[in-house]
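As structure tokens, the structure follows; a few thoughts come after it.
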């Protein structure tokens, strides 16, 4: 009787409809900024700013982050911080500067 129950429960297991043999994942990544260079130091926005490059030998520099304004222009945080000490406007469009976000 135990043999009959074991075989009947095995037959109730649903058969696989398909099996994934290989998975090639693809990702798409886009910028939401128009310019990918910092207009202040001219380095690529994802590279270190000139201040962080100079401090790289001492290894005491903070993480070099990117800062976006509400005008959607992006600069290195260190670069725009130095700029804002003298002028409170975006270096590219001369609008009043407000941070939209900052980080990587």
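Backbone N, Cα and C atoms are what each Cβ position is placed from, and that goes for glycine too.
Look at Swiss-Prot and you will find 38, 41, 76 tagged as Zn(2+) 1 binding site. If you look up Swiss-Prot, you'll see 49, 52, 64, 78 marked as Zn(2+) 2 binding site. Residues or ranges marked as zinc finger by Swiss-Prot: 49-94. Annotation source Swiss-Prot lists Zn(2+) 3 binding site at 71, 73, 90, 93, citing similarity to another entry.
Here the features listed in Swiss-Prot are placed on the structure.
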| residue | record | DSSP class |
| --- | --- | --- |
| 38 | Zn(2+) 1 binding site | coil |
| 49 | Zn(2+) 2 binding site | coil |
| 71 | Zn(2+) 3 binding site | coil |
| 76 | Zn(2+) 1 binding site | strand |
| 90 | Zn(2+) 3 binding site | coil |
Count of other CB atoms lying within 10 Å of the CB belonging to residue 78 (Zn(2+) 2 binding site): 22
Nearest recorded site to residue 93 (Zn(2+) 3 binding site) by CA-CA distance, among binding-site residues 38, 41, 52, 78: 38
Close in space, distant in sequence - residue 71 (Zn(2+) 3 binding site), Cβ under 8 Å, 6 or more apart: 90, 92, 93, 95
Neighbourhood of residue 76 (Zn(2+) 1 binding site), C-beta criterion under 8 angstroms, separation at least six: 38, 40, 41, 43, 45, 48, 49, 51, 52, 64, 65, 66, 67
Rounded mean pLDDT for the residues that make up the zinc finger (49-94): 86
Residue 64 (Zn(2+) 2 binding site), number of other Cβ atoms within 10 Å: 22
Among 38, 41, 73, 90, 93, the most crowded of the binding-site residues [Cβ within 10 Å]: 38
The one of 49, 52 whose CB sees the fewest other CB atoms within 10 Å, among these binding-site residues: 52
